[in-house]
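Asks: To start, I am sharing the structure in question, which I have written as structure tokens.
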Amino acid sequence: MTAALRVALAGLGTVGGGVIRVLQQNRELITRRAGRPIEIVAVSARDRSKDRGVDISGFEWVDDTSALAACDADVVVELVGGADGPALALARATLAAGKGFVTANKAMLAHHGLELANAAEGAKVPLKFEAAVAGGIPVIKGLREGAAANAIDRVYGILNGTCNFILSKMEAEGRDFADVLAEAQALGYAESDPSFDIDGVDAAHKLSILSSVAFGMKPAFGDVAVSGIRDVIAADIAEAAALGYRVRLVGVAEAGASGLFQRVHAHLVPTHHPLAHVTGSTNAVVVDGNYVGRLLFQGAGAGDGPTASAVVADLIDIARGEFGPAYAMPVASLAEASPAPTGERRGRAYLRFTLADRVGVLAEIAAAMRDAGVSIESLIQRAAPEDGTALVVIVTHEAPESHVEAALERLRGSQSLAGEPFWMHILD
Ligand SMILES: NC(=O)c1ccc[n+]([C@@H]2O[C@H](COP(=O)([O-])OP(=O)(O)OC[C@H]3O[C@@H](n4cnc5c(N)ncnc54)[C@H](O)[C@@H]3O)[C@@H](O)[C@H]2O)c1
Ligand SMILES: N[C@@H](CCO)C(=O)O
Ligand code: NA
């Protein structure tokens, strides 16, 4: 049998522990598939003595994480996290040492992916990151390989398990945001800083990676328009349901006439759309290709087992000698990012207002919409007798987003509003 692929593993938390378990428990199967054994030879984490429920006594322990790059391994797996710091130092040192690098670290890839892809190409070694986008779902592989013959028009989906878990729990159980977040953290889905999840940043990291693979463009995290789910209230979920929608955090990248739109926002998803039925920490990605048509990738987007499954799949590819350029084409072939102004995009919108109890308030809102050129498709008004306010929810006809924003701008500071208006895109 060919010599084992020797792996150095940095980070022994949720995902790192999962990788050790998968490699131990599926050892025989993995060896047969890879054509040779995949063996962890060295590990590093913050605390050597911590009980992780996995036996690490057979591996060399390395205190300084970045020193793993110099140990006797063919590939380094980074499961520490963080865009910079020890993860980035390890990535740079590993690729400079001419070794392959596997990571689940979407934050680092969003900020430094191009540099790392360049370094990997220069050293002719693999840089692989299936686990970084949509956890266990083989969406990077699906795009890089399965859909490689297609021009991609649009790629979009549910890319953050924590937000989807929170939104679907709020929907099913009418629970509050904060205690559902605590549950997602306890289950190991949330980032170490959960604001990355709930403010949409984690999904934006992933979307920028997906866009590069799908559209052959240099990753441009800064071009992604981002907001999260903090401002979504139980009433939005209830009113959306009454109108035939569910609320989901959706990342969308689509080629427009003037460039690429990339955005992560809470969306209203029609109940007939497959994304409306994605619940819990499940992720789903839809790819529209010009020959294959619509592809739907769905599965576990977070958690130890699914994420480790993706990491080990990358290792199996490397053990087989199957790897190509990180972003589906050599870095020199990647186009410069060309962001399209988001305001130009046309779509339907959901707007929620809390109105003071005054004569003519509805007329004022209707006038602002008319003056901005936004036509109303439906309107619901519900009185809140306890404080005299009224909740008004509007669904618009299709209009440029800049017009919706202009309507809200016209209402800014109005005495008719008892709170900040809130709006969401409607997925088409
Ligand atoms: N948890 C998931 O479901 C999931 C899914 C996909 C991707 N990821 C990504 O995988 C990576 C790891 O996530 P996780 O959930 O396993 O995190 P975790 O917090 O459970 O584990 C992190 C590990 O890194 C070690 N570590 C942290 N800082 C360190 C430092 N300065 N020096 C050395 N070691 C350090 C910790 O000791 C721990 O062993 C992150 O990039 C995360 O975004 C996680
Ligand atoms: N915090 C991330 C982990 C998976 O990348 C999520 O909730 O989706
Ligand atoms: Na994946």
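Even glycines carry a Cβ here, placed using N, Cα and C.
The feature active site, proton donor is assigned by TrEMBL to K206. Residues annotated as NADP(+) binding site in TrEMBL: A10, G11, L12, G13, T14, V15, G16, G17. Residues annotated as NADPH binding site in TrEMBL: K106. Per TrEMBL, the feature L-homoserine binding site maps to E191. The domain 'ACT' feature in TrEMBL is assigned to 350-422.
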Asks: Based on DSSP, tally up the residues of the domain 'ACT' (350-422) by helix, strand and coil.
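Replies: Secondary-structure composition of the domain 'ACT' (350-422): 23 helix, 27 strand, 23 coil.
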Asks: Can you check which residues sit near the residue listed as 'NADPH binding site', meaning Cβ under 8 Å from its Cβ, same chain, 6 or more apart in sequence, and list them in order?
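Replies: Non-local contacts for the residue listed as 'NADPH binding site': F129, A132, V133, D202, H205, K206, I209.
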Asks: Which three-state DSSP class does the residue listed as 'L-homoserine binding site' fall into?
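Replies: Once the DSSP labels are grouped into three classes, the residue listed as 'L-homoserine binding site' ends up as coil.
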Asks: What mean pLDDT score does the domain 'ACT' (350-422) have in the model?
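Replies: Per the prediction, mean pLDDT sits at 92 for the domain 'ACT' (350-422).
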Asks: Using a 10 Å radius around each Cβ and counting other Cβ atoms from all shown chains, which of the binding-site residues G16, G17 yields the largest count?
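Replies: Checking each of G16, G17, the winner is G16.
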Asks: Can you list which of these recorded positions (G11, L12, T14, E191, K206) have a Cβ closer than 6 Å to ligand 2?
Replies: E191
Asks: With the Cβ atom as the reference point and anything under 6 Å counting, tell me which of the recorded positions (G13, G17, K206) are near ligand 1.
Replies: G13
Asks: Could you say whether, by DSSP, L12 (NADP(+) binding site) belongs to a helix, a strand or a coil region?
Replies: coil
Asks: Could you check the binding-site residues G11, G13 and say which one's CB has the fewest neighbouring CB atoms inside 10 Å?
Replies: G13
Asks: List the residues of the same chain that sit at least 6 positions away from T14 (NADP(+) binding site) in sequence and have their Cβ under 8 Å from its Cβ, in sequence order, or write 'none'.
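Replies: Residues satisfying the criterion: G188, G303, D304, T307.
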